[in-house]
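K.L.:
If you scroll down you'll find the structure; I have some questions about it.
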Amino acid sequence: MAYSQVTVTEHLLYHQQQSPQATGRFTNLFNDLILAAKIISREVNKAGLVDVLGFTGDVNVQGERVKKLDEYANDIIIHRMERAGVLCAMASEENAEMIVVPDKFKRGEYILIFDPLDGSSNIDVNVNIGTIFSILRRKSPAMQDVTLGDMLQAGVEQVGAGYFLYGTSTMLVYTTGQGVYGFTLDPSVGEFLLSHPDIRIPEQGKIYSVNESYWNYWDEPTREVVSWFKGVDNPRGKPHSLRYIGSLVADFHRTLLYGGIFMYPMDYRDPKRPRGKLRLLCEASPMAMLAEQAGGLATDGTKRIMEIEPHELHQRVPLFVGSEYDVRKVSEIYRKHAQKDGADDLRSI
Ligand code: FDP
């Protein structure tokens, strides 16, 4: 069968058959999520036509102004997924607390963590936005109430991760730990068709992606990292090109296909509380799983993102993700500074 005729459902069923323990519940979860994303995609595509653009005036848990489409996407996903019969709980970037599937619906063992509409500051200018998701299996016994502890799992525990990209075409890119696959929505038949089988991220890239306006908020090691990508001390002997859309899904998607690195480092906007912006559970962890499954890497500068143990639902983390060579370079520079700082500390004793 030609790639373009394989639907995402066929692809999921094929992988389900490869796994003797598979029950089909995971495939059901995915199918419901896909339906929610198709509805969001339809609304995103006509965003300029109807009264869904603009701010609602509310502020979400991250302190950002919420846009109508964010709310819409959030509501659609929660509505569909609590009825899917396979989830026990969800967490959304838009909700402060975890969302337990109500008693009136059948519950299952899976947990869905998602960012309903990432890159929302780009909605009004028709730039790519997306839905990011991470799927976990609950740790506590099914007879007990699901707890926050069930949500706070390191990236290595994810059983699936991916994103929907609402752009020139709508795409689904996902992994269940057996490689990364990309599907493009054919609007004429309403199906996601396999368009990018077994995506491999190039070992070394030519592009770096970072919001460089934060230069004055960065520490010395971070400035050295970014300077390295602008320099010529690399196997190509040329600077990396800069591309920054400001929508994680879009910047990550380009990085996955073309290679290079996406960075959102820790900064010192508040000198007392240095921090990254991106959320570990609904942004960094799923992107890290996709990157690793495609042969790339993801780090916070010192630790592998996939191994970071979360301690709160909306925890933020610095993120460096992309081609293996480029991400290793970042870790190398941070390590060099940590060793130097360690030596300086020793000298000062
Ligand atoms: P947005 O605020 O538009 O929703 O995490 C949210 C995010 O976008 C990412 O998609 C994007 O990579 C990042 O923030 C952009 O932040 P900066 O404007 O600080 O560069």
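The backbone N, Cα and C atoms fix where each Cβ goes, and this holds for glycine too.
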K.L.:
According to TrEMBL, ASP115, LEU117 bind Mg(2+) 1; identify which of GLU82, GLU93, GLU94, GLU157 is listed for that same site.
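P.N.:
Mg(2+) 1 site check in TrEMBL: besides ASP115, LEU117, the record includes GLU93 out of GLU82, GLU93, GLU94, GLU157.
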K.L.:
Out of ASN45, ASN74, ASN211, which is the one TrEMBL records at the substrate site of ASP118, GLY119, SER120, SER121, TYR244, LYS277?
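P.N.:
Matched candidate out of ASN45, ASN74, ASN211, per TrEMBL for substrate with ASP118, GLY119, SER120, SER121, TYR244, LYS277: ASN211.
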K.L.:
So TrEMBL lists ASP115, ASP118 for Mg(2+) 2; which of GLU10, GLU224, GLU283 goes with them?
P.N.:
GLU283
K.L.:
Any idea what the Cα distance is from ASN211 (substrate binding site) over to ASP115 (Mg(2+) 1 binding site), rounded to a whole Å?
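P.N.:
It is 20 Å, counting Cα to Cα.
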K.L.:
When you measure from each Cβ to the nearest atom of ligand 1, which of the binding-site residues GLU93, ASP115, LEU117, ASP118, GLY119 fall under 6 angstroms?
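P.N.:
Those binding-site residues that pass the cut-off, since their Cβ is under 6 Å from ligand 1, are ASP118, GLY119.
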K.L.:
Measure from the Cα of ASP115 (Mg(2+) 1 binding site) to the Cα of every one of the binding-site residues SER121, TYR244, LYS277, GLU283, then give the nearest.
P.N.:
GLU283
K.L.:
Looking only at the domain 'Fructose-1-6-bisphosphatase class 1 C-terminal' (201-334), how are its residues distributed among DSSP helix, strand and coil?
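P.N.:
Reading the DSSP string over the domain 'Fructose-1-6-bisphosphatase class 1 C-terminal' (201-334) gives 56 helix, 21 strand, 57 coil.
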K.L.:
When a 10 Å sphere is centred on the Cβ of SER120 (substrate binding site), how many other Cβ atoms does it contain?
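P.N.:
The answer is 21 other Cβ atoms.
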K.L.:
Name, in the order they occur in the sequence, the residues of the same chain whose CB lies under 8 A from the CB of TYR244 (substrate binding site) and which sit 6 or more residues away.
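P.N.:
In sequence order, the residues whose Cβ lies under 8 Å from that of TYR244 (substrate binding site) (at least 6 apart) are SER209, VAL210, ASN211, GLU212, ASP251.
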K.L.:
Around the Mg(2+) 2 site formed by ASP115, ASP118, GLU283, list the extra residues of the same chain whose Cβ is within 8 Å of the site's Cβ centroid.
P.N.:
GLU93, PHE114, GLY119, GLY130, THR131, ILE132, LEU248, VAL249, LEU278, ARG279, CYS282
